[in-house]
Every structure is written in C-alpha cells, then in structure tokens.
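> First, the structure itself, so that you have it in front of you.
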Amino acid sequence: MIECWLVSKDGKHGRIRLPHAETVVIGRGPETQITDKKCSRHQVQLMADCNKGYVKVKQLGTNPTSIDGVDIGKEQKVDLKPGHTLHIVNNLYPYVIEFLEGATNPHAKRENENRSSSKRTQENSLNEGTGTSMKLMKKESNISPSSSSGKNSSCSTEEKYNAQEVKSQGHWSQGLKASMQDPTMQVFKDDKVVVIKDKYPKARYHWLVLPWQSIANLKVLRAEHLELVQHMHAVGQKIAKEHSDSKCAPFQLGYHAIPSMSHVHLHVISQDFDSPCLKNKKHWNSFTTDYFLESQAMIEMIKTHGKVNVKDGVSELLKTPLMCHICRKEQANMPQLKEHLKKHWPT
C-alpha cells in the first residue's frame, strides 16, 4: 500500500505521515518546530490522495502559503505534486511530499526510509561518474500525431539525466520522465532535448519538447538556461513548420504557468483544439488565457530579468468563462464551444 509523507527540506524534524483521504492540519508548533509568530498554528490543511499521487493543500492562515513561489491564497486549494516545493508561510519552511510503499510496522518503515536514502546516494554516485558526451540523433521523417521514432540510441549525456530521474518515474505526476525514455513516444531527440507526442493531446497536433536536464518548473529557470530554452523553441518551430499548410490551423508554442506534470516542457499545439481529450474548462483556459506563457515572451523575460515571473493568482485564470480564442465569443459549455470551433476550423 502506498503511503504519503511530508518531508522537511530543512531536515529540522522527522517526516510527517499524511494518511490517504484524511485531513491533516499543520502550522506553528512542536510537530514542525516552527516558532515564527507569522505562521498560524493552523496554517495549512493537507489531504493526500495516494491513488492519484498528490496532496490537496488549503491555506488556512492569513499570511501566504506558496507552492514553487506561487501563493495559494487564503481558503484556496492547490494540488501539491512530487518534485514541487511547499513553503508553509512567507516563502519559508520548505517541504516536499514523497509516496512510498507502506510497511507493516514503524521499524520496517524506518528501514524503508533508510533503503530509499541509500538508493539516492548510490544514484548520486552514478551520476557523478557519468560522462557528458552525446551523439546527435537524426530526427525521423514524416512526424505525425500517431507516428513514433524508429531508432533509439544510447548516449552518455542522455544516460546521465536518465539516472537522475529513475527514482521518480513511479508517480503519475512524474509521467513525462518515463515518456521521455519511451521510443514509441519519441519523435525527435538530440543532445539537449527530446520531443514526444502528448499522451492526451488537446488538439489535432500536440507535442511536448522536454530538456534532458532535470528542471522542475519555470521558477527554476535562470539566465544560464537561456540557450536551452531558445533551442527548445527552435525545435518546436521546426516541428510546427512541417505541419503548417493552408488547411491546418496555426500553431502556438508555450508553457503552462503552473504545469500539472513535473519537468519543464514546451507545448507545440495546433489551434484547432479538435480532440476528445479536451474535456473541461480547465483544459481550455490553460491554453487560451495568460495561464499559457508564450515561448518567445518567456525567452525575452529570461533575457531581461534573468528569470521567469509567474503572476500571483494565475491559477484563477483557469476558472474564467469559456471564450472562443478566435472571435472571443463566450460559450456556455464545452460541447457548445467545440461545436462553435468547427466554424473556424472545419474538419
């Protein structure tokens, strides 16, 4: 049975178990060893879903609780996934969550944790000893939504990043890291990036460009990543260009402000949004509001500021009314919106 644990990144105290589907409230107190008066004794409410691999976080206190630097908002709820960092208050007291196989007694649980720690140490040693050279992979021709790469070569740079991700491929929110290594999903790869088909495409054409380097989210990006994100953009443009014609909707390249999956990825998506996987308002607004950060704009942001600025409260954009991205007419529901889109992009 999978168990969820809240782990202090400061290492100030032992991990806190979050039972499946049970409410746990933490804040200032002996359990967390937080003495900061700006932190309420009931600062956050946590509820783990061990089946889906995330924790629902609700801010109860007055001062801000945040995930990866983005404030949640009082009485608001946000999903915390493995690989992301929860700061209890005022960007202080960082925590992460881990999902582990449950044990039958506390002694066995400690052994599980020790084995996990030992495994991480061994993987770190492996990473340090891995080389950094890599051969450039030739892109397979005739990329299409249903096509896949027919070749899979091993190369040391790719293996280095693979080793870093092995321990986290078991949870759904880490699914991109597993798909990156799946030859049937790959349509292109080189020494810096891999392109895969989106497993649940939200349009006729929908790919993801991912760096081999492990980068959790946009907040981590800095000036030293500029060359990498420019390369990701160039690769995305190349793939889009191969499918651009008079009958095809234009493409958009960009990133979700707060991605649902861990590991930075660039969306290359056609603007027809003709897909059965596009099911709800959240899906739609994640691509048609400012929640979707255009790739070129993000590159300019890194050039100018040396980082990516994600606006506070950006998640609220996912709740805005459904509106056609072409004519800006508001639609009552998803079926009506999908029918309306056919006027712009006939099948």
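Just so it is clear, glycine is given a Cβ too, placed from its N, Cα and C backbone atoms.
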> Among 38-42, 63-67, 198-202, indicate the range for which Swiss-Prot gives the feature region 'Interaction with DNA substrate'.
198-202
> Checking your reading of the structure: which of the recorded sites SER179, HIS267, LYS282 lie inside a 10 Å Cα sphere centred on HIS256 (site 'Interaction with DNA substrate')?
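Correct set: HIS267.
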> Counting Cβ neighbours within 10 Å across all chains shown, tell me which of the recorded sites HIS256, HIS267, LYS282 comes out on top.
HIS267
> If you count Cβ atoms within 10 Å of the Cβ of SER179 (site 'Interaction with DNA substrate'), leaving out that atom itself, what do you get?
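If we count other Cβ atoms within 10 Å of SER179 (site 'Interaction with DNA substrate'), we arrive at 22.
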> Distance between LYS282 (site 'Interaction with DNA substrate') and SER179 (site 'Interaction with DNA substrate') at the Cα atoms, whole Å?
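The separation of the Cα atoms works out to 23 Å.
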